[in-house]
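Student: This is the structure, below, for whatever I ask next.
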Amino acid sequence: MKIEEVKSTTKTQRIASHSHVKGLGLDESGLAKQAASGLVGQENAREACGVIVELIKSKKMAGRAVLLAGPPGTGKTALALAIAQELGSKVPFCPMVGSEVYSTEIKKTEVLMENFRRAIGLRIKETKEVYEGEVTELTPCETENPMGGYGKTISHVIIGLKTAKGTKQLKLDPSIFESLQKERVEAGDVIYIEANSGAVKRQGRCDTYATEFDLEAEEYVPLPKGDVHKKKEIIQDVTLHDLDVANARPQGGQDILSMMGQLMKPKKTEITDKLRGEINKVVNKYIDQGVAELVPGVLFVDEVHMLDIECFTYLHRALESSIAPIVIFASNRGNCVIRGTEDITSPHGIPLDLLDRVMIIRTMLYTPQEMKQIIKIRAQTEGINISEEALNHLGEIGTKTTLRYSVQLLTPANLLAKINGKDSIEKEHVEEISELFYDAKSSAKILADQQDKYMK
């Protein structure tokens, strides 16, 4: 007798460095709790981010910029991801890194503009007329073929639809008959037909026929309520970049050039300003008609000091345009030379005229107690058991070195504990692992001591 275990089909997600962040962890009045939603400490920065989230939701923040500034390992990226979690899936959030703009195929400013457009959403409301019901009759009407010969062509289709409220007989175009055949529609099926496009969708078999057969692979659906002819409101969320790409590369042309273009490897081409201007006009027309509404999202630029002076100059114009998202910069630099210049130093590697336009949120270094809490949260996320002694020791290591280094020691220490036959990480496992792997500071110290032994 063979017994098989049923494996779960739910997707297992890889645990990333910020998997534990679920939100900003604020209470109803907007004040930060000491530890909530995966974030610990940084109360002032979290409250400031909470204010920004409220401004974004009320659509009063578009075209502004925020800078998250602080030393490495103080949770700048985590704060940006927490903002994305708070806003939800309906608001577009586009993360990018400063070094992404450098490409051999397209200009730096084009990459920036693409990401700007990705961060602006458009919610389109569409009212569709739909005929929905159970098929009571399906009769194709034939006529003599006008081209001559013995064949006959279908002139129209008579279809009867029934709902709980009543029945209707429709006379449909012969092109819809092909769709009905593709969907394998027969009497007793529940279908809906879109009046504008003529699209046919078979939803399933009506549940009054459920007892006909013992074995049936059909999906049974109830008889639709209401009238046969209905009006449905459908809401679609797209970004402006989706519209740009759809119009820059139209698909499905019948001429030889289109065919060749589809076969050849598509080269990344720039989308012209003229095309974007045309799309903006159409979008503005939709907004004026009340068909669509603009949803300004968030563009998150990590390592913003990697951008050069041309990109910063372009950002000035982009931030002041009529359609602009909220831009969040993050930088861990102090005073440094602006990329693309010889000797102009500036705070965070950002020119002073752009710094003047951004609201700056500072992130502070974590205290040893906060570090311990973060390591504990990480251990829970990764499903690792850790003793109190080992946790204290990791907290001390984090204070001396960096938080990232102490978090990275968790998994190897867990592996060592398993080899030793222990369920949880003890202090001696952490000590052994920290001797095996160096942190950045101790590695740099060894380099300084043994400088003459290394190649220049």
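For all residues, glycine too, the Cβ spot is worked out from N, Cα and C.
Pasting the feature list from Swiss-Prot:
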CROSSLNK  LYS2  SUMO2 cross-link
BINDING   GLY70, PRO71, PRO72, GLY73, THR74, GLY75, LYS76, THR77  ATP binding site
CROSSLNK  LYS225  SUMO1 cross-link
CROSSLNK  LYS225  SUMO2 cross-link
CROSSLNK  LYS445  SUMO2 cross-link
MOD_RES   LYS453  N6-acetyllysine
Student: Within 8 Å of the centroid of the Cβ atoms of GLY70, PRO71, PRO72, GLY73, THR74, GLY75, LYS76, THR77, which other residues of that chain place their own Cβ, given that this set defines the recorded ATP site?
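Tutor: For the ATP site, the extra neighbours are ASN332, THR363.
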Student: Using a Cβ-Cβ cut-off under 8 angstroms and a sequence gap of six or more, which residues of the chain neighbour the residue listed as 'SUMO1 cross-link'?
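Tutor: Once residues fewer than 6 apart are set aside, the residue listed as 'SUMO1 cross-link' is near THR163, ALA164, LYS165.
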Student: I need the most crowded of these binding-site residues: GLY70, PRO71, PRO72, GLY73, GLY75. Count other C-beta atoms within 10 angstroms of each C-beta and give me the top one.
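Tutor: Result for the most crowded candidate: GLY75.
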Student: Please list residues from the chain of THR77 (ATP binding site) whose Cβ is under 8 angstroms from its Cβ, counting only those at least six apart in sequence.
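Tutor: The list for THR77 (ATP binding site) reads HIS18, ASP302, ALA330, given in order along the sequence.
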Student: Whole-number Å distance between the CA of LYS445 (SUMO2 cross-link) and the CA of THR74 (ATP binding site)?
Tutor: 23
Student: Count the other Cβ atoms sitting within 10 Å of the Cβ of LYS445 (SUMO2 cross-link), across every protein chain shown.
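Tutor: Other Cβ atoms within 10 Å of LYS445 (SUMO2 cross-link): 12.
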Student: Which chain-mates of LYS76 (ATP binding site) that are at least 6 residues away have a CB under 8 A from its CB, listed by sequence?
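Tutor: The answer is LEU68, ALA69, GLY70, ASP302, ALA330, ASN332, THR363.
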Student: Once the chains shown are all counted, how many other Cβ atoms turn up within 10 Å of the Cβ of the residue listed as 'N6-acetyllysine'?
Tutor: 7
